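**Student:** Structure provided below as structure tokens; questions to follow.
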Amino acid sequence: MKTPELITDPAAWQARCTAAREAGTRIALVTTMGYLHEGHLSLMREARRRADAGGRRGLAVGTIFVNPTQFGPTEDLARYPRDLEGDLAKCAAAGLDAVLAPSDPALMFAPGHETWVTVERASQGLDGASRPGHFRGVATVVAKLFNLTRPHVALFGEKDWQQLAVIRAMVRDLAFGIEIVGMPIVREPDGLALSSRNAYLSPDERRRALALSGALAEAREATARGERDAAALRAGARARLEAAGGRVDYVELVHPETLAPVARAEPGTVLLLAASFGTTRLIDNGRLP
């Protein structure tokens, strides 16, 4: 198992990726904030496969950067879990060739940085309402990583459904020419969606957080029985979360592409959930049948 090349300087990373692309190498990218779990690794394994899809070995790469610009002033930037050594071992097992892990946030956002990417419609509501400025930070750092890496394909998890919509809109509107691939949510055997923030949960909070996947399962069962009224489905999901002691941020049924709220759940409608258990805010989602 080969250890991936670790690059800590974005300029050196850009030179490395530019040389590879100019040599005709296909590049696949996975962006992360580190503290990797099986959800991230599923993206990296798929990046390896897609990088090599052209008939020759490509370049499968990842980034590890806890982006300060996507955290609000009261959020968990300082305590966000970090384990670079462990992450690199996982990247090696997943088959990555190289990893960018900037040694200083100022290398990505220098003093005087004044350029931001705002995706208007997709950033509104949901996490955009609960976390002002979050998607501006996400879109800006992803745009910068795209410019530094110039990948042919980039992979993102569907657990962050709104984030995926934001990135797809940005790539479309700014003509990045990158294929964006959304990958399914990876769950624990008991249904909890994998998240780096699960590390914050106490055993009791983790048990109660299973209400997220439980609410999704109940909504699927209800629609399978013929319930299509969005208000009724929202009410059922909210009740499940509140019964488990969750502090509900939002429960919404939306069109899978536009994120527009719907009055009636059609096949493929997405149920989006956000709730806190203890001090840990978690999100989850699922398509309805």
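A Cβ is built for glycine as well, from the same backbone N, Cα and C atoms used for every other residue.
Below, the features straight out of Swiss-Prot:
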BINDING   33-40, 157-160, VAL186, 194-197  ATP binding site
ACT_SITE  HIS40  active site, proton donor
BINDING   GLN70  beta-alanine binding site
BINDING   GLN70, GLN163  (R)-pantoate binding site
**Student:** For VAL186 (ATP binding site), which of these recorded positions sit within 10 Å, Cα to Cα: HIS40, GLN70, GLN163?
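**Tutor:** Final answer, ordered: HIS40.
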**Student:** So if I measure Cβ to Cβ from GLU158 (ATP binding site) and keep only same-chain residues at least 6 apart in sequence, which ones fall under 8 Å?
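**Tutor:** Expected: LEU164, GLY182, MET183, PRO184, ILE185, ASN285.
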**Student:** Per DSSP, GLN163 ((R)-pantoate binding site) is which: helix, strand or coil?
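**Tutor:** Once the DSSP labels are grouped into three classes, GLN163 ((R)-pantoate binding site) ends up as helix.
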**Student:** According to DSSP, which of helix, strand or coil covers GLY39 (ATP binding site)?
**Tutor:** helix
**Student:** At the Cα level, what's the spacing in Å between GLN163 ((R)-pantoate binding site) and the residue listed as 'beta-alanine binding site', rounded?
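**Tutor:** Rounded to the nearest whole number, the Cα-Cα distance is 11 Å.
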**Student:** In whole Å, note down how far the CA of HIS40 (active site, proton donor) lies from the CA of SER196 (ATP binding site).
**Tutor:** 10
**Student:** Where does SER196 (ATP binding site) sit in DSSP terms: helix, strand, or coil?
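**Tutor:** SER196 (ATP binding site) sits in a helix per DSSP.
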**Student:** Return the count of C-beta atoms lying within 10 angstroms of the C-beta of GLY39 (ATP binding site), excluding that atom itself.
**Tutor:** 20
**Student:** State the Cα to Cα distance, in Å, between the residue listed as 'beta-alanine binding site' and GLY39 (ATP binding site), rounded to an integer.
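**Tutor:** About 20 Å separates the two Cα atoms.
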**Student:** 10 Å Cβ neighbour count around LEU36 (ATP binding site)?
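**Tutor:** So the Cβ neighbour count for LEU36 (ATP binding site) comes to 24.
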**Student:** If H, G and I count as helix, E and B as strand, and all else as coil, what does DSSP give for VAL186 (ATP binding site)?
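**Tutor:** Once the DSSP labels are grouped into three classes, VAL186 (ATP binding site) ends up as coil.
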**Student:** Same-chain residues six or more away whose CB lies under 8 A from the CB of MET33 (ATP binding site)?
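**Tutor:** In sequence order, the residues whose Cβ lies under 8 Å from that of MET33 (ATP binding site) (at least 6 apart) are ILE64, PHE65, VAL66, ASN67, TYR80, SER196.
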